[in-house]
Amino acid sequence: MMSTWFLYALLTAGIYAVIALLSKVVSGVEIDDPLTLAIYNCIPFYAVYVLVGLALEWPAIRNSLTGAGGGPVPGAEPAPVAVALGFGVVSTIAYGIYYWGLVNGDVSRFVPALSLETVFVLVLGFLILDEAFPSGVYAGVGLVVFGALFISYDREAGSIRESLTFSTVGVAVLAAIAFAVFNTGMKVLTDGFGTVEILFWISLGGLASIAAVVPFRSGGVEPNPADLLAGRVRLTKGTKLLLVGGLLNAVGLFTFIRALEHGPVSLATAITKLDVMMVFVGALALSKLAPALLQEQFDPFTLAQKASASMIVLAGSALIQFSY
């Protein structure tokens with residue numbers, strides 16, 4: 001029987017894959033400013049959890065503010081509110097770096113390189129949370145990371161060394177570190193806060209950081225929210241995609257925190273990397289069953305390469321599940 005944390009992490013990977021497939025299906029994304037992309041992606045799930053937190057967890061939130069503690073775990077020390085708010089800022093920074101890499105780098109190389117996040121989470125989990133695992137688990141994590149990188153190799157771009165420029169690797173490493181800190185921080189917060197509380201404080205810190213960076217974007221946020229509410233302008237297809245992705249991120253963040261509440265952050269993060277394989281399978285299925293939505297050509301070499309990489313990822317996931 002699969003562990004609870006494994007199922008939640010697997011569900012998170014599926015949600016991330018759906019977000020990626022939406023990006024493939026919907027064409028004509030007009031926005032190419034990293035800051036604007038981060039703003040439109042983050043605001044939906046930040047706003048959702050601030051409102052949900054106030055509605056469902058106001059007594060616990062009030063206790064946290066008055067120093068009475070907001071943790072539902074008996075005997076656990078409540079995590080400071082300031083730390084939780086700080087991780088919301090880290091979330092915004094991580095997404096900002098992520099979108100900067102998407103806009104300015106080689107997407108086909110940048111996104112898979114984010115699998116390096118798993119390595120950083122392993123290190124942070126060991127240093128901060130004393131997470132240690134059997135050798136089979138580490139072998140499984142290695143297979144997942146290797147498979148995620150291999151599934152995106154493009155032979156037409158030359159060797160991996162040639163295609164992975166310093167800029168691509170550097171930005172990917174920065175984004176991976178930021179997301180690793182964010183994931184590890186959420187695991188730390190599970191010792192003092194409930195799921196909705198964590199999401200509330202992180203989202204509140206995230207909204208504050210968004211408000212702080214908006215003035216640095218030329219022209220502010222376009223379109224103007226007041227014009228949207230008045231019906232004077234319509235959202236573009238690209239903006240709608242970002243907002244939908246942000247709402248899906250809200251669901252994914254919830255399921256990921258549930259995974260952290262039941263299991264180690266290192267392994268939960270590794271399992272979410274199955275989204276790379278899921279995107280390939282989903283893109284292949286859509287190309288065959290619904291070509292009007294998505295058309296991607298897969299030559300025999302590419303099919304064999306990606307199928308082999310998928311098997312490697314699945315083998316790594318099985319090793320993690322059965323060795324832990």
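From the backbone N, Cα and C atoms, a Cβ is placed for every residue, glycine too.
Taken from TrEMBL as is:
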| type | residues | note |
| --- | --- | --- |
| DOMAIN | 4-152 | domain 'EamA' |
| DOMAIN | 170-283 | domain 'EamA' |
| TRANSMEM | 6-26 | transmembrane segment |
| TRANSMEM | 38-61 | transmembrane segment |
| TRANSMEM | 81-103 | transmembrane segment |
| TRANSMEM | 110-129 | transmembrane segment |
| TRANSMEM | 135-153 | transmembrane segment |
| TRANSMEM | 165-186 | transmembrane segment |
| TRANSMEM | 198-220 | transmembrane segment |
| TRANSMEM | 241-260 | transmembrane segment |
| TRANSMEM | 266-286 | transmembrane segment |
Before we move on, state whether the transmembrane segment (6-26) and the transmembrane segment (266-286) share at least 3 Cβ pairs under 8 Å, counting only pairs 6 or more apart in sequence. yes
By DSSP, how many residues in the domain 'EamA' (170-283) are helix, how many strand, and how many coil? 91 helix, 0 strand, 23 coil
Per the 3+ Cβ pairs under 8 Å rule, pairs at least 6 apart in sequence, do the transmembrane segment (135-153) and the transmembrane segment (110-129) touch? yes
Establish whether the number of Cβ pairs under 8 Å between the transmembrane segment (38-61) and the transmembrane segment (110-129) reaches at least three, counting only pairs separated by 6 or more residues. no
The transmembrane segment (266-286): which same-chain residues, six or more beyond its ends, come within Cβ distance under 8 Å? 5-6, 8-10, 12-14, 16-18, 20-21, 24-25, 111-112, 115, 117-118, 121-122, 125-126, 131, 133, 137, 140-141, 144-145, 147-148, 151-152, 180, 183, 256, 259-260, 293-294, 296, 298, 303, 306, 309-310, 313-314, 316-317, 320, 324
Per-residue pLDDT averaged over the domain 'EamA' (4-152) comes to what? 80
